[in-house]
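These come from Swiss-Prot:
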- LYS209: active site (ACT_SITE)
- 40-68, 103-104, ASN108, THR134, LYS284: NAD(+) binding site (BINDING)
- LYS60: N6-succinyllysine (MOD_RES)
- LYS60: N6-acetyllysine (MOD_RES)
- LYS76: N6-succinyllysine (MOD_RES)
- LYS121: N6-acetyllysine (MOD_RES)
- LYS141: N6-succinyllysine (MOD_RES)
- LYS145: N6-acetyllysine (MOD_RES)
- LYS149: N6-succinyllysine (MOD_RES)
- LYS149: N6-acetyllysine (MOD_RES)
- LYS238: N6-acetyllysine (MOD_RES)
- LYS242: N6-acetyllysine (MOD_RES)
- LYS297: N6-succinyllysine (MOD_RES)
- LYS321: N6-acetyllysine (MOD_RES)
- 1-36: transit peptide (TRANSIT)
Amino acid sequence: MAASLRLLGAASGLRYWSRRLRPAAGSFAAVCSRSVASKTPVGFIGLGNMGNPMAKNLMKHGYPLIIYDVFPDACKEFQDAGEQVVSSPADVAEKADRIITMLPTSINAIEAYSGANGILKKVKKGSLLIDSSTIDPAVSKELAKEVEKMGAVFMDAPVSGGVGAARSGNLTFMVGGVEDEFAAAQELLGCMGSNVVYCGAVGTGQAAKICNNMLLAISMIGTAEAMNLGIRLGLDPKLLAKILNMSSGRCWSSDTYNPVPGVMDGVPSANNYQGGFGTTLMAKDLGLAQDSATSTKSPILLGSLAHQIYRMMCAKGYSKKDFSSVFQFLREEETF
């Protein structure tokens, strides 16, 4: 696999790995060029919308997996493919010294690491524990302290790119932790993402992710508002989207993940807002941004409004829909 580890100048403070060439596709095929000797089992905990395709990409690169999910049905296809399924995070830690967790909330992460049957019950010294959940940076820091007491290494590595990028192996990972361990983390994360960025100490990966998702929420609401206004002014939605995407208003929410049904194929808005990134999770991430803004005394006027909107959506029946359903919410709710 052609890849490069690029070290930018000291002024930029940015260290990242970027894959320039993707390996040929193949279902669960070992296509990574690393030596077979490096393919020791990797633990993977959390097989939801993101964790499932991430784990599959590790399999495609030849890594045997030790699997756990709180919902046994989520493990079935991996078991059918020959991967080992165990009954707790502690059992994962007993069998693997490199573990990736991908969980919905801070509470889930705390339980997976510090619970009665958590990773820390059986973690081996020298193990590398990578948490790709999006959680409170303060929780990441506390988990890192507990992991360090056990002689292991913890890194936070939340992701950006959504389900589509998870499936194609083109996620962006934002990594926080001891810099000397970055190369070890990159070996695994590079099988699931095309960009692996070192952000700094533990918690900085989460900080970067929270900032990104706050901006994403704001831009999605703005795109939905602009599209709704244009449609009500008589513009064809496809034409309006085309104009926006060749103009200064262009953004990811307008050109890659448009919230208006019928404008794009292959996005949640084309499937009654099913799949994708849930409204509940966006509300959760905006809550993390709100908490961080409060603790750092940072004004986030639009971020706070976005948080209110997504909380309102959850209360009005949109909790299981993709976060781009804010367009549908604006169309149907006229009492603002």
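Glycine too: its Cβ is placed from the backbone N, Cα and C atoms.
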CB contacts under 8 angstroms to LYS321 (N6-acetyllysine), restricted to the same chain and 6+ apart in sequence, sorted by sequence, are PRO268, ASN272, TYR273, GLN274, GLY278, THR279, GLN328
Counting other CB atoms within 10 Å of each candidate's CB, the least crowded of the binding-site residues MET50, ALA55, LEU65 is LEU65
Three-class DSSP assignment, LYS149 (N6-succinyllysine), comes back as helix
Quick note, ALA55 (NAD(+) binding site) and LYS76 (N6-succinyllysine): C-alpha atoms separated, nearest Å, by 13
Within 10 Å, the Cβ with the most other Cβ atoms among the recorded positions LYS60, LYS76, LYS121, LYS209 is that of LYS209
Judged by other C-beta atoms within 10 Å of its C-beta, the most isolated of the modified residues LYS141, LYS145, LYS238, LYS242, LYS297 is LYS297
Smallest Cα-Cα separation from LYS141 (N6-succinyllysine) among the binding-site residues ILE45, MET50, LEU65, PRO104 is shown by PRO104
